[in-house]
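Novice: Dumping the structure here so I can ask a few things about it.
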Amino acid sequence: MSDEATIAAPSPAPPAPTGPPPKVTNRGRAAAPAASANSETSDIPEYEYFIQPGPRGYPPLTEYLDISEVDMMKRPDESNKIAHHTALYHSDYLIVRRGQEFQVKITFSRPYKPAEDKFALEFVIGSSPQFSKGTYVPVFPTKQRQTTWEGRITNTSDNVVTMAITPAANCIVGKYQMYVAVVTPYGIRRTRKESTRDMYILFNPWVAEDAVFLDDETERQECVMTEMGIIYHGSYDDIAERDWNYGQFNYGILDSCLYIMDRAEMPITNRGDPIKIVRVASAMLNSRDDEGVLVGNWSGDYTYGVAPTSWTGSTDILLTYNSSKMPVCYAQCWVYAAVFNTFLRCLGIPSRVVTNYYSAHDNDGNLKTDIIMDENGKIDRNRTRDSIWNYHCWNECYMSRPDLPPGFGGWQVVDATPQETSDGMYRCGPASVQAIKHGQICFPFDAAFVFAEINSDVVFHSRRKDGTLEPVRVNRTHVGRLVLTKSPGDVTRRDITDQYKFAEGSTEERTVLEKAEEYGCKREKSSPPAADVDVVLPNLEISVGDNFELNVEFENKSDERRTVDAYISGSVVYYTGVASTEFLKYTHIKVEIFLYLTDKKEVAIVESKKYMKRLVEQANLHFIVTGKIRETGLIITAMKVVTLRNPKLIIEVSGRGKVSEEMIATVEFTNPFSFNLENVYILIMNNCLYKIFPHKTKNWLVIGGSSLTWTEYFTPQRAGTSRVIATLDCPALRQVQGQASVTINP
C-alpha cells in the first residue's frame with residue numbers, strides 16, 4: 001500500500017449555523033433566572049399548609065377567618081389617588097407613590113379579633129418573588145411585627161377592616177400584585193390571584209426620604225404633573241417654540257414605560273434606583289443598539305415613517321412601541337427629549353426638557369471645534385469636519401446622587417439622542433449639572449461629553465501650502481451661548497445658562513477650565529492677536545419664500561486705514577450644523593475703511609429661487625463671512641444662522657367646553673407659494689384626540705395660493721385647561737404648526 005493511501009481523509013466541516021443564535025440561558029450558572037420583566041408574574045398558592053396531609057387529606061380551613069372582599073380604594077375621587085397625586089392617571093388600577101401611606105378595605109367573613117386572628121397583606125412583583133430581594137413584601141397590621149413596609153389598622157367596622165400601608169421610600173417601582181393572607185393553626189389561606197388587586201407604585205418627589213424628593217411645590221407641579229410643555233428650538237437670536245403633549249397620564253402610557261424597562265431586561269431589583277433607571281432608559285429611548293423606542297433620522301427622507309417635525313406628542317409613539325414591539329420612525333433630538341420626559345414624569349421622576357443653543361458635538365476628547373481656511377481667509381469646506389448644532393435638546397431629571405460627593409445631587413443631565421457610546425451603548429448620563437459647572441468631569445456619567453457641548457472653543461485655522469495649520473482666531477463664547485427651559489407654572493422661557501457655566505471671562509470660569517484640563521480635556525492654548533476690524537451680521541426675520549438683503553457691516557477700530565478682502569457664502573444647513581448645499585457661492589468683496597470707528601456696509605442680495613429648492617426641514621440658512629486685513633494679515637470672521645419662518649396653521653375650537661360633550665376643532669392652512677404642495681398630511685393632537693388626516697395612502701394636494709380646511713370632532717374626558725396642537729407636513733414644507741387653548745369645565 002502506498003504512503004498516500006494511509007493518510008486519513010479530512011473530517012467534513014460542521015454545517016454553518018442558520019438563523020439567529022440560540023439565546024444563552026443562566027442554566028448551570030444560577031439556581032433560577034433573574035427576574036427582569038414586570039409583566040411576568042408568579043403564582044402564589046391559595047393554600048399553604050404547615051403540616052403534612054393526614055389519611056383524609058388536609059384539614060379544612062373554612063372554620064377560620066375568611067376574606068370576603070378587598071376594596072383597593074382606587075377610584076380617582078377616593079383618598080388614595082388624591083393624596084398620592086395620581087388621580088389624573090387614566091387607569092382602573094390603584095396607583096400610589098412610595099414612602100407615603102395608602103389604605104385598603106378588607107371585608108372578612110366575621111368581625112376581626114386582633115387577639116385571635118392573624119393576617120397580612122402580601123405585595124409581589126416579578127416572576128421570582130423573594131423577601132431578601134424586596135420583590136416579596138409582607139405587611140403586618142401590628143406594631144410588634146413590621147417589615148420594610150409599615151402597616152397599621154386605621155378603622156374597624158363590623159366585618160370591615162381598613163388597613164394603612166406605607167411602602168418603603170426606596171422600594172421597587174412598578175406593577176405589584178396584592179394578596180390578603182390569613183394565618184390559621186394549620187396553614188395560610190390567601191385570596192386568589194386577581195388583576196383587580198394589581199397596583200402600581202411610583203417614585204415620590206413629595207417625600208423627603210425618596211431619592212427624587214424635590215422641595216419646591218411649583219417645580220413639582222411643573223416637572224411631574226404638567227402634561228403640556230414647550231420645547232425651544234430655532235437659533236440663539238431667533239428663538240422658536242414647539243408645543244408638546246407629554247401625556248404622561250394617558251391610558252396605556254404607564255404600562256408602556258414599564259415595558260421599556262422589560263425590553264431592556266433590566267433586573268426588577270434595580271428598579272428602585274432612579275440612577276439605574278434613567279441610565280437604562282437613556283439607551284432604550286433610541287434604537288441604535290437595542291431595538292429601542294425611536295429611530296433617529298436626519299436625512300430628510302421620511303418615506304417609511306413620520307417626519308420628526310410632525311410629532312406633537314409622546315402618546316402615540318409610546319403606545320405604538322408597546323403594541324408593535326418595534327422601533328417607531330422617526331426622531332431627532334427634541335423628539336427623543338420629549339418622549340424621555342414623558343417616561344420620567346410618568347414614573348414620578350421630576351424632569352424637564354432643556355435646549356442648548358450652539359451645541360458642540362465633541363467626539364475626540366477635546367474642547368475645540370475646528371474650522372479650516374485657506375491662506376486668503378476662505379473656508380475650506382472639504383477639510384472642515386466639525387459642526388456646531390444650532391440647538392440641541394436633552395433632559396434634566398432631579399435626584400440625589402449617593403454615588404458622588406455631597407453637593408452634586410439635584411438636576412442631572414440625561415440624553416437619549418444617539419451621539420456617542422457610553423459603556424458600549426448609545427446613551428448619556430445621568431451627569432450632575434453641578435459637576436459640569438465646576439469642571440468635575442471625572443464624575444459619572446458622561447460629564448465630560450456634556451461639558452464639551454457647552455464649553456468648546458471655535459478655532460479658525462489657516463492652512464498653509466505645506467499643509468500645516470496655524471490658529472488665527474479663537475472664539476471662546478460662541479458655543480453654549482444660551483441654555484433654556486420652560487418656566488414652572490408659566491408659558492415663558494427660563495434662562496438656566498448660569499446653572500451650567502460661570503460668566504464668560506470670569507475667574508471662576510478659568511478655574512473650571514483648568515480643572516477640566518487636569519482630567520484630560522484639551523483646550524486651545526494659543527491666543528492669536530485680535531483684529532482691529534469687526535464684521536457684524538444683522539438679525540433677520542425672514543419668511544420662507546422671501547427675497548431679502550444681507551447687510552454685512554465692517555467697523556474699523558484702529559486709527560488707520562484698513563482694507564479687507566472678504567468672502568461671503570451661504571449654505572442650506574440642517575439644524576445640526578451640517579451643510580446640505582451651498583446656494584450663495586463665495587463672493588469676494590474688497591472693503592476700504594478710512595477713519596477710526598467708522599463702518600462700511602456691503603449688501604448681498606439673496607433670492608428665494610436660489611435656496612427654495614434646496615431647503616431641508618427647519619429651513620436654516622447659514623452665512624459665513626471671513627476676511628483678511630491686508631495691512632496686518634489678521635483674519636476676521638462672522639457667522640449667522642437665519643431660520644426662515646414657516647406659514648402657520650389656524651386652529652379654532654368650538655363647543656360648550658364641558659366634559660363628555662362633543663367639541664369641534666377646525667384647522668385651516670393657506671399655501672402662500674406659487675407652486676403646489678404635494679403629499680400633504682395633517683396631524684392633530686390633544687389629551688383626548690390623536691389623528692393623522694388623511695391616511696398616509698391618501699395624501700392631499702394643495703394648489704399654490706389655495707386653502708385647505710379640515711374639521712374634526714372630539715369629546716373631552718376631563719376638566720382643565722389644555723391645548724389642541726396641529727402640524728402640517730409634506731416633502732416641500734416641514735414644521736408648519738398651530739395651536740389653540742381650550743378650557744374644559746366639569
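All residue numbers here begin at 1 and follow the chain in the order shown.
Placed from the backbone N, Cα and C atoms, the Cβ positions cover glycine too.
Automated prediction, rather than curation, is the source of TrEMBL annotations.
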Novice: Pick from 1-44, 45-88, 397-440: which range does TrEMBL record as region 'Disordered'?
Specialist: 1-44
Novice: Cα of Glu504 (Ca(2+) binding site) to Cα of Asp415 (active site): how many Å, rounded?
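Specialist: About 25 Å separates the two Cα atoms.
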Novice: Along the domain 'Transglutaminase-like' (325-418), what average pLDDT does this model show?
Specialist: 91
Novice: What other residues of this chain sit with their CB within 8 A of the center of the CB atoms of Asn455, Asp457, Glu504, Glu509, the recorded Ca(2+) site?
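Specialist: Other same-chain residues with Cβ inside the cutoff are Arg476, Thr477, Val479, Gly480, Lys501, Leu513.
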Novice: Most Cβ neighbours within 10 Å: which of the recorded positions Asp415, Asp457, Glu504, Glu509 is it?
Specialist: Asp415
Novice: Using the alpha carbons only, what distance in Å do you get between Cys333 (active site) and His392 (active site) once rounded?
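Specialist: Taking the Cα atoms only, Cys333 (active site) lies 6 Å from His392 (active site).
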Novice: When you measure from the Cβ of Cys333 (active site), how many other Cβ atoms are you left with inside 10 Å?
Specialist: 28
Novice: Find the one among the recorded positions His392, Asn455, Asp457, Glu509 whose C-alpha lies closest to that of Asp415 (active site).
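Specialist: So, spelling it out, the nearest of the recorded positions is His392.
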Novice: Can you count helix, strand and coil residues in the domain 'Transglutaminase-like' (325-418) using DSSP?
Specialist: 15 helix, 40 strand, 39 coil
Novice: Between Asp457 (Ca(2+) binding site) and His392 (active site), how far is it from one CA atom to the other, in Å?
Specialist: 17
